[in-house]
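Read through the structure below, which is laid out as structure tokens, and then see the notes.
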Amino acid sequence: MSSGAPLNVTNPNYDIEESRFGKIVCYDQSLLFEKREQKGWESGSTLASSLPFFITQLFVANLSYRVLYYLTRPLYLPPFVAQILCGLLFSPSVLGNTRFIIAHVFPYRFTMVLETFANLALVYNIFLLGLGMDLRMVRITELKPVIIAFTGLLVALPVGAFLYYLPGNGHPDKIISGCVFWSVALACTNFPDLARILADLKLLRSDMGRTAMCAAIVTDLCTWVLLVFGFASFSKSGTWNKMMPFVIITTAIFVLLCIFVIRPGIAWIFAKTVKAGHVGDTHVWFILGGVVLCGLITDACGVHSITGAFLFGLSIPHDHIIRNMIEEKLHDFLSGILMPLFYIICGLRADIGFMLQFTDKFMMVVVICSSFLVKIVTTVITSLFMHIPMRDAFAIGALMNTKGTLSLVVLNAGRDTKALDSPMYTHMTIALLVMSLVVEPLLAFAYKPKKKLAHYKHRTVQKIKGETELRVLACVHVLPNVSGITNLLQVSNATKQSPLSVFAIHLVELTGRTTASLLIMNDECKPKANFSDRVRAESDQIAETFEAMEVNNDAMTVQTITAVSPYATMHEDICVLAEDKRVCFIILPYHKHLTPDGRMGEGNSSHAEINQNVLSHAPCSVGILVDRGMAMVRSESFRGESMKREVAMLFVGGPDDREALSYAWRMVGQHVIKLTVVRFVPGREALISSGKVAAEYEREKQVDDECIYEFNFKTMNDSSVKYIEKVVNDGQDTIATIREMEDNNSYDLYVVGRGYNSDSPVTAGLNDWSSSPELGTIGDTLASSNFTMHASVLVIQQYSATKRQAAVTAAAATTVMGAVAGVTGNNLESAGGDAKMTRDAHEPFMKSMYEDEDEDDEEDHQYGIHR
């Protein structure tokens, strides 16, 4: 407290002075360690020491942040909004000035303890920021992102300085330092949050998304350089630092030390430990201790300790398993528990009421709007000179306003050096809040991807000619899904005349730990090091299994892909990838797995929802495989044995059954496959009881007859094919016939049509017992545990442009109605402070069938090619 300030003698423990720099508290530190007569259980108050108070503060901070996060999630706002609101909730203008909060939650005498833990959490959080940033992504081949980034910085810095000076509230002695920190906070762009916004809107793989991310990386790195310069230029009192040359030189030496000594040294040590097979907790503790040591070094150099933590995070080898081990041990605890303390500290420093005493309200609005528009205008003008479309330029400019924890770090750095007083600090905090509120909703509303997905003809197996390549997208969640799908592909008769092109996609759930570098997967930046050990090992094994299938068959090509997405929008990635690769058939695993006793377990409900969504939105035909031991087909049949493998195709009628027949027909070329096609024909009693209109039934029956006739004509001389017709009157007759078939022949695989929305007389009465609508009536019956114990089932739905467009339109209408009503949907939440909720904001494939595009053009989805 400055000399001559009036003392508050009403409280002998501490005195408070209020100035433009906020509340300055002076208290007797010996009171914290005051010896009391009561000992142990005789203590008069359990909250008399700092530890119980800290636990209380930790609980209040986490509870407040969680409540605000859940309240802002339905509005599709980033977690950064909840972070700022959590701090402002306890600001002096809201709850921070109440007697109860001051006395029992955030007393002034324990502020030092709170700030200590908050700063420690910040140091480790910045370390994780550097740990998750892969500098290989800075290898930019185009100059457009670099020009956009530097132009935005060069314009935002002087404009930020002018906006700081415009209200006339800055302290006269701190104008220069205040302009620097205000400008840096305005110019910075938070790369991790920007990447997650693009992931939410399915724009990561768009040209606009790539340009924005590259520009954000350059801006992020330049922000750190400017921040270090700000630390070095000004002393703790906000005036020029006479030791600035020493600070800059020592900091530059430490940077070179990290590049040429620390990084190679850590890489060498970890290479030795991995070779010896010893990577454990000791190495993690070594790294965590190094964070504190590097922070101490940069603090001694004259810059903030977060600089050392960030540089040390960049120094950890990107491809080493230790990165993932550190994130698993540190991320959730840090961002979910300790970081809310930092937000509370930011809020305690902001005083909206105090700011309004010095700031004109109209001028405050002008400054906030100007702060947001400066990057948009700059980016648009720069982009137009580089022939970037206007809509893309506007979207990039809006994304450059993405703020995050780094912006708060800059403001608090200016607050610590007294470069920013309380009104200006509060003013800028509100500006950051407004920018965060506007960016993603504005982008979702104003930017609609102009590119549509490619138009292609072969969207069904039935339309594939005998000498045309069959392109299949095989989806895998976990390793047990692989064996059945690979063996189904093995018996799909890939030949030189009709090759099989397989795109095997490993579906990985997007969680709060997923770093921005994992979201932005490409050929140069491989994301393996960011996976957990289990997922990484599983992904490798899945890729090896599919690649081995390619080695054993010259007529088959395999490309393995890893898709990272939340369950709520995973079907979008599957559909977009299917359209992009021009596949005509998607294979999905059934969500239930076989138990040791031969029955079907409960399964994963999220996987079931994915299957249902894919069936509704798929751009091609879809098959769901219920695997009950398809591995037997490969293990025995491909050793040259003469034993035939029995495949039964159950034909009821309709487009789905015709598609199923086409796929089963393709298998006939395999010398080990024996196909039996059973057509169920409704009897006269069934037609009369069902009340079928003659014209409707005859029209559909005519198409079925033509398909069956063609099949019989072309396979009449094939001894491996058998065709049977069964007359049935209802669903019970159909089930009895299938049971009779099972008793007389042991089938390995059933191929059936889904028969969605079909009301066939031969399945009458079976719909009442259906538990899995995605399998259809016959498929659900065959998949039930009490029907068959060893035969796998492939349920196929044929692509229909009319049905798909209707489903997409209905889904879009539901989304709009849900947004109006405040319905949140099934969006995924994550526990981390940097976690980003996802949303089903738009359908990038609604009118894909009407637009043409180049085959190799990448679309708005995120996936990585496994080499």
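Every residue, even glycine, has its Cβ placed from backbone N, Cα and C.
Range annotated as region 'Disordered' by Swiss-Prot, chosen from 588-607, 848-867: 848-867. The listed stretches are 75-95, 146-166, 212-232, 283-303, 427-447; of these, 283-303 has the most Cβ pairs under 8 Å to the transmembrane segment (242-262).
Sequence-distant contacts of the transmembrane segment (393-413) (same chain, at least 6 residues past either end, Cβ-Cβ under 8 Å): 80, 83-84, 122, 125-126, 129, 148, 152, 181, 184-185, 188-190, 192-194, 197-198, 208, 211-212, 215-216, 219-220, 223, 227, 230-231, 304, 306, 339, 342-343, 345-346, 349, 372, 375-380, 382-384, 420, 425, 428-429, 432, 435-436, 438-439, 442-443, 446-447, 833-834. Counting Cβ pairs under 8 Å that are 6 or more residues apart, the transmembrane segment (283-303) and the transmembrane segment (427-447) reach fewer than 3 and are not in contact. Note: the stretches the transmembrane segment (146-166) and the transmembrane segment (336-356) are not in contact (fewer than 3 CB pairs below 8 A, sequence gap of 6 or more). The transmembrane segment (427-447) shares the most Cβ pairs under 8 Å with 75-95, out of the stretches 75-95, 112-132, 212-232, 362-382.
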